[in-house]
Amino acid sequence: MTTILPNLPTGQKVGIAFSGGLDTSAALLWMRQKGAVPYAYTANLGQPDEPDYDEIPRRAMQYGAEAARLVDCRAQLVAEGIAALQAGAFHISTAGLTYFNTTPIGRAVTGTMLVAAMKEDGVNIWGDGSTFKGNDIERFYRYGLLTNPDLKIYKPWLDQTFIDELGGRAEMSEYMRQAGFDYKMSAEKAYSTDSNMLGATHEAKDLELLNSGIRIVQPIMGVAFWQDSVQIKAEEVTVRFEEGQPVALNGVEYADPVELLLEANRIGGRHGLGMSDQIENRIIEAKSRGIYEAPGLALLFIAYERLVTGIHNEDTIEQYRENGRKLGRLLYQGRWFDPQAIMLRETAQRWVARAITGEVTLELRRGNDYSLLNTESANLTYAPERLSMEKVENAPFTPADRIGQLTMRNLDIVDTREKLFTYVKTGLLAPSAGSALPQIKDGKK
């Protein structure tokens, strides 16, 4: 079954995910002038660099849209972001700094909610601005077809006629000007930025070079903490969770998770918290590089993980982290609503997150520099008296108990020695006098 249309379907309704930028503006106008009936759909994702959402549909109508809709995706975006946080669905990290999968979460929400809106309007052909080299083309493809099985895909950037006529930004700008729209290209940055209220992604152009780094980036959700001229004061912050849901910051309760995340963004952003530089594997297995911002999610995740480690046992934490890495990869691949992802996500939400009730206090300084100051929860299994170095009444175990426990360890120690001796005999191990391995001469002794 062919779902991708190589040429413009003239005379038919075509929905386009419309950002208001030059690419989608030129594409919409071009589709109308070539005989299609374009419908424009704009997702309000709380992008920190978008000053006026209401203006975007108005521009789409000016460029020839049959209809233009602004779809408020903020509540769903935050709900999915918190679900990812609860499950630890983050598989990309470098030296302890995490990428919070903010773009994949945004695509899951956009890809389903915009296609659902199109379906309501009887629009069954969808186009967007993703290129054939990136992840988004596959994410949108999957989410679109999951939402509307009758969906057809038309992408101007896969249409050779469109490419021949409007192959670059200069050509698009001139095309708009000749059509009577004084569309001026914005000043070219040294990199590309994509954002939603969960986080921002900076990539491409100069950032494709590994000798260009974070110092060329102008943060849109925080501050350039690496610049000595930027003044940042240390700040104490408290974060409270109830049954896995963040509910309060600095003692102020938020009934609306969207408002809570916005405040978390403001707090974390004042310090540049949550910025990271990652080399990652795209869905097609080629490596790319991105610099990411996620101040609010980073703040919430620090507090959440602190409570996780204080409440759950070691095996639960290990399973949560293993499943989280698997789920993070599925999310990255555009499989957030696949059965295997739902299974992992709901397991974490039920058996890990529901126990996470408590409050964490931390001090934020510059960038990702912070200290944990206090952790409080009625569900803590951390009990310092169990291991206190001081004499305590009614100690949970005695020296005699520990002797018994150590004696039982002899069983596996003997087995381990025999295995090591077997490896020596087969030549797998040949410890020398300077080796840190035990000097095994007889597996029975």
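Cβ atoms are placed via backbone N, Cα and C, with glycine included.
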Recorded L-citrulline site member, picked from Glu263, Glu280, Glu285, that accompanies Tyr99, Asn135, Arg139, Ser192, Thr201, Glu203 in Swiss-Prot: Glu280
Which residue of Asp194, Asp206, Asp228 does Swiss-Prot report at the same ATP site as Ala17, Phe18, Ser19, Gly20, Gly21, Leu22, Asp23, Thr24, Ser25, Ala43, Gly129, Thr131, Asp136? Asp194
Would you mind checking how many other C-beta atoms are within 10 angstroms of the C-beta on Asp136 (ATP binding site)? 21
Counting across all protein chains present, how many other Cβ atoms fall within 10 Å of the Cβ of Ser19 (ATP binding site)? 19
I need the most crowded of these binding-site residues: Ser25, Asn135, Ser192, Thr201. Count other C-beta atoms within 10 angstroms of each C-beta and give me the top one. Ser25
Those binding-site residues of Ala17, Ser19, Asp23 having Cα within 10 angstroms of Arg139 (L-citrulline binding site): none
Between Gly129 (ATP binding site) and Glu280 (L-citrulline binding site), what is the CA-CA distance rounded to a whole number of Å? 22
Cα nearest Thr201 (L-citrulline binding site) among binding-site residues (Ala17, Ser19, Ser25) -> Ser19
Those residues of the chain, 6+ apart, with a Cβ under 8 Å from that of Asp23 (ATP binding site): Gly129, Trp157, Arg169, Met172
